[in-house]
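Notes follow once the structure below has been shown.
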Amino acid sequence: MEAVIKDLIRDQGVRGEGGSTAGLSATPPASLPGSLTNVKALQKSPGPQRERKSSSSSEDRNRMKTLGRRDSSDDWEIPDGQITVGQRIGSGSFGTVYKGKWHGDVAVKMLNVTAPTPQQLQAFKNEVGVLRKTRHVNILLFMGYSTKPQLAIVTQWCEGSSLYHHLHIIETKFEMIKLIDIARQTAQGMDYLHAKSIIHRDLKSNNIFLHEDLTVKIGDFGLATVKSRWSGSHQFEQLSGSILWMAPEVIRMQDKNPYSFQSDVYAFGIVLYELMTGQLPYSNINNRDQIIFMVGRGYLSPDLSKVRSNCPKAMKRLMAECLKKKRDERPLFPQILASIELLARSLPKIHRSASEPSLNRAGFQTEDFSLYACASPKTPIQAGGIGEWAVHLLKGLLLGLVVILLLVVCLPCLLQCVSSSIRKMIDNSLGYREEYKKLQEAYKQPERRA
């Protein structure tokens, strides 16, 4: 065995003239048989060198572990200069949204705070600590935040338009199945947020985005503590900008914290109203202060009579439940989601064409409601469903049949009455003529006698 080892060492050129092994390689030769375990003793490096290698490996492992984890809010902060801010998309009371670049397209919301106090900055980071844990198909993905040059939230970029834009600007022609599915996906996303103890506080059609495949993405949620701690002027602007979706208790602002799961439910009820009517509530009132006063006092509610006639009754009942004036009487999103899913299962199904794209990647692809198909929330229904024009036509035909039936039944009686009246008139006229003749004869007789 010893002779074999010496031959192997000689082949590698590591044996010195004096028979020492000072030039031995740190790795065993590839041809070394696996049974020669005694070679391991010859491969040992000096003690100090081995310790340095072990220390370096430990540091590398710690560094990789740090890079692989983002456990604190500070790990999600994007350094100044890494985000390229591009086109301005829109603005609100709380901030302005831009399209930006950061490892791809992102949405950057610059908050309306120029010099936050340490308390505000800490509140902002605390809220970010909640947002970074959200992962759902119907929620805009939180990607990070920045504090310089100003506070900003970075989320995924959604290729598509808001639900508000679809319903009230370009009037996208949705079928009823898609309107119901938009409601289902929105309820699904809100149910997830509430399960995470996140209150949206500003749910409205402007903050519900439809991706290219009509997947709902809810945005602009969270930051509740930040919104409540910043100046009252910002709160007032937010109130005036979103009053159509605000619950009565939020408008009154009598409670210390009027926002709750139920206030989000009320806002969802207004979104349902938009979906099922194609209109905004209180469109006949132009005075914003009047709306604030009447809704806050409980004198005004959305007019559910404007809901389309082809809207399922279960959806209309759910809408009325969500819009209850008393907070405790409204359902919560687990119940809402279950109701919408039950409604979807109870309606008729048809098979889709293989070439037709799926409605969304979260499921709900096979169900279609031909009886509830409509061209647009604002236009009459086209082929494929019973439209308003067909209802009016049917009513007209029924009314015509009733009139004809009345004429057939009543015409003989009417003719008889008319004929009898005419006969009486003739008889009366003849009687008057006879009496007139008698009077004439009676008048002539005295003259003859004279």
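Note that Cβ sites are derived from N, Cα and C of the backbone, with glycine treated the same way.
Lifted from Swiss-Prot, the feature list:
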{"type": "COMPBIAS", "residues": "1-14", "note": "compositional bias 'Basic and acidic residues'"}
{"type": "REGION", "residues": "1-80", "note": "region 'Disordered'"}
{"type": "COMPBIAS", "residues": "49-73", "note": "compositional bias 'Basic and acidic residues'"}
{"type": "DOMAIN", "residues": "83-343", "note": "domain 'Protein kinase'"}
{"type": "BINDING", "residues": "Ile89, Gly90, Ser91, Gly92, Ser93, Phe94, Gly95, Thr96, Val97, Lys109", "note": "ATP binding site"}
{"type": "ACT_SITE", "residues": "Asp202", "note": "active site, proton acceptor"}
- In angstrom units, rounded to an integer, how far apart are the Cα atoms of Gly95 (ATP binding site) and the residue listed as 'active site, proton acceptor'? 13
- 10 Å Cβ neighbour count around Gly95 (ATP binding site)? 21
- For the binding-site residues Ile89, Val97, which Cβ has the most other Cβ atoms within 10 Å, all shown protein chains included? Val97
- Quick one: mean pLDDT on the domain 'Protein kinase' (83-343)? 87
- Message: Using a 10 Å radius around its CB, how many other CB atoms surround Ser91 (ATP binding site)?
- Response: 13
- Work out how many Å separate Ser91 (ATP binding site) and Asp202 (active site, proton acceptor) at their Cα atoms, rounded off. 14
- Note on the structure: Between the C-alpha atoms of Asp202 (active site, proton acceptor) and Val97 (ATP binding site), the distance in angstrom, to the nearest integer, is 15
- Query: Under DSSP, is Asp202 (active site, proton acceptor) helix, strand or coil?
  - Reply: coil
